[in-house]
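Report on one structure; see the data block that follows.
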Amino acid sequence: MFKKAFQILQQLGRALMTPVAVLPAAGLLLRFGDKDLLNIPIIKDAGGVVFDNLPLIFAVGVAIGLAGGEGVAGLAAVIGYLILTVTLDNMGKLLGLQPPYEGAEHLIDMGVFGGIIIGLLAAYLYKRFSSIELHPVLGFFSGKRFVPIITSVSSLVIGVIFSFVWPLIQNGINAASSLIADSTVGLFFYATIYRLLIPFGLHHIFYTPFYFMMGEYTDPSTGNTVTGDLTRFFAGDPTAGRFMMGDFPYMIFCLPAVALAIIHTARPEKKKMISGVMISAALTSMLTGITEPVEFSFLFVAPVLYLINSILAGVIFVVCDLFHVRHGYTFSGGGIDYVLNYGLSTNGWVVIPVGIVFAFIYYYLFRFAILKWNLKTPGRETDEDGQNEEKAPVAKDQLAFHVLQALGGQQNIANLDACITRLRVTVHQPSQVCKDELKRLGAVGVLEVNNNFQAIFGTKSDALKDDIKTIMAGGVPATAAALDTVTDKPLKPDSDETFIYPIKGETVSLGDVPDQVFSEKMMGEGFAIIPSEGKVVAPADGEIVSIFPTKHAIGFMSAGGTEILIHVGIDTVKLNGEGFEAHVTSGQAVKQGELLLTFDLNYIKQHAASAITPVIFTNTSEEDLKHIQMK
């Protein structure tokens, strides 16, 4: 049950990042257009309209995020939210309810929570009914067209139900808001719990009600009422920003101090290497407020430090509150947001002295703990720890392929997504995931909870996810078996080896392949062949590493350690093995020229995107490829 609950919360957490991602752009427009900066109302209003419609944006964002980017789910969410809103208004009149506050636009206002509910509903109904087949008479409304229809009806029902339930929930939220707003202890626990949830990626769920629902403020100039700490702050509420202000000293001063402590306690021979990594991580935290590169450098090797870190983060919020500091952000508590939004802050200058004091506390406390308890923070590992291996020499455009290998290959991926700083993956077989390889490829940390993995690759995580999905869509085999060959064999091929072309035909460059996975060399260097016959033979003596289930691709390892992928045709994975016959099995030793695979060339030309066959040397650089002898 815990496994399933964690997976659902993970999915919701990453889905919430879709609408949250638009806030920095809206915040920039809102601030630059404000009176204390450019004083251009048209720019300010362009940003303000996003904040005014946050519930609708959350509805669409959550729906699309949970439905795998499907626009139909987003359309259904728009329709569903509009129906929910009007249903709540009409039910409020029937029930004789009074406006929740003076000037309220709606008698029952669920705010962002209503948008999230509709987003969840639209995504669920999309997954449930997007393939439905209706009676031929109603055939036009089958499949995806049915989703907005069923969402409309369901939203009406949800609206009726919540017209009775939501007023009670709203009273509870208001009571909790008042309690926490007046409680320093409550603020401490908020900040500490928020920080403790970050390793699990569940903090997005935790902060949402605080940022977008708790507390209310009526703009005296417009009469508009907004709720939530973040939205109130940007509407000009001088009391807002209480649940954000402590992040500024933590991210701008304290985490860089942690990075410095890690550098100073590293082994002498490793300080230069560790300095480069930690200084980069510290600057990322200082400027943008992205904390994972620093936090995950010590989280897994010294969990006790992260507990201390989280408690101190709570103390920072308390101290800032005692000095009546109020400051906010649209992205995170880094230096950019600090400077940009300073004009809206109250006692924002206090962040600097508080940050400096706590930076000293963090530095000396972390330094003492690392040395006293001999914690294996970066740069302090011994050779026996197995953590001193250099990161795999993988070209940037090939990283996605190797990460997919480390995750156990395409067949092992049940769900793949990403947020700002981490890949979020659900796998079928956790034992096939190589966490050490993920770290060698650049992940600063890997979190495993049952079948769910989070690999912290920083801000490139989302682009990395897209590259992996592109590779998976092309049906490229990346298996755990292939991974073993990467780690156990030499990375450079034997220069004395001589290869033969695995297929007869015209040799062309990878740039001629009509698939960007190959043409952009995401998987490695090589060439392509336009086949003249349907036979694939072993290019050298070696071993069959893997055969894709649909038999359209073979992973091969030569006796000298050269990895070769032979991918027959483009989009041939969609043929489901039709027209292919394998003559070898995974793990089988073969001789140069031995028949590996036969395929119906005419069938592939008729049913696939192209018969052109990429031959990829997956562990060979462009320079090394020049020395490979082909005949």
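Each residue, glycine too, has its Cβ placed from N, Cα and C.
Taken straight from Swiss-Prot:
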- Cys419: active site, phosphocysteine intermediate (ACT_SITE)
- His567: active site, tele-phosphohistidine intermediate (ACT_SITE)
- 3-382: domain 'PTS EIIC type-1' (DOMAIN)
- 397-478: domain 'PTS EIIB type-1' (DOMAIN)
- 515-619: domain 'PTS EIIA type-1' (DOMAIN)
- His567: phosphohistidine (MOD_RES)
- His552: site 'Important for phospho-donor activity' (SITE)
- 12-32: transmembrane segment (TRANSMEM)
- 56-76: transmembrane segment (TRANSMEM)
- 106-126: transmembrane segment (TRANSMEM)
- 149-169: transmembrane segment (TRANSMEM)
- 196-216: transmembrane segment (TRANSMEM)
- 243-263: transmembrane segment (TRANSMEM)
- 298-318: transmembrane segment (TRANSMEM)
- 350-370: transmembrane segment (TRANSMEM)
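Here the transmembrane segment (12-32) touches the transmembrane segment (106-126). Their Cβ atoms form 3 or more pairs under 8 Å, with each pair 6 or more residues apart. Annotated pair His552 (site 'Important for phospho-donor activity') and the residue listed as 'active site, tele-phosphohistidine intermediate', C-alpha to C-alpha distance, rounded: 6 Å. Within its own chain, the transmembrane segment (243-263) is flanked in space by residues 187, 190-191, 207, 210-211, 229-230, 233, 271, 274-275, 278-279, 281-283, 285-286, 289, 291, 294-295, 297-298, 309, 312-313, 316-317, 319-321, 325-329, 332-335, 337-338, 345, 351-352, 354-356, 358-360, 362-364, 366-367, 370, 377-379, which lie at least six positions past its ends and keep a Cβ under 8 Å from the stretch. Taking the recorded positions His552, His567 in turn and counting surrounding C-beta atoms within 10 angstroms, the largest count is reached at His552. Mean pLDDT across the domain 'PTS EIIC type-1' (3-382) comes to 87 in this model. With DSSP classes pooled into helix, strand and coil, the tally for the domain 'PTS EIIB type-1' (397-478) is 38 helix, 21 strand, 23 coil. Segment contact is absent for the transmembrane segment (149-169) and the transmembrane segment (196-216), given fewer than three CB pairs below 8 angstroms at sequence separation of 6 or more.
Mapped onto three states, the DSSP output places the residue listed as 'active site, tele-phosphohistidine intermediate' in strand. Using a Cβ-Cβ cut-off under 8 Å and counting only residues 6 or more beyond its ends in the same chain, the transmembrane segment (56-76) has close neighbours at 11-12, 14-20, 22, 50, 112, 114-116, 118-120, 122-127, 130, 144, 147-148, 151-152, 212. Distant neighbours of the transmembrane segment (106-126): 12, 15-16, 19, 54-63, 65-67, 70, 72-74, 76-77, 80-81, 84-85, 88-89, 91-93, 97-100, 144, 147, 150-151, 154-155, 158, 162-163, 166-167, 208-209, 212-213, 227-228; these residues of the same chain sit at least 6 beyond its ends, with a Cβ under 8 Å from one of its Cβ atoms.
DSSP classifies His552 (site 'Important for phospho-donor activity') as coil under the three-state reduction.
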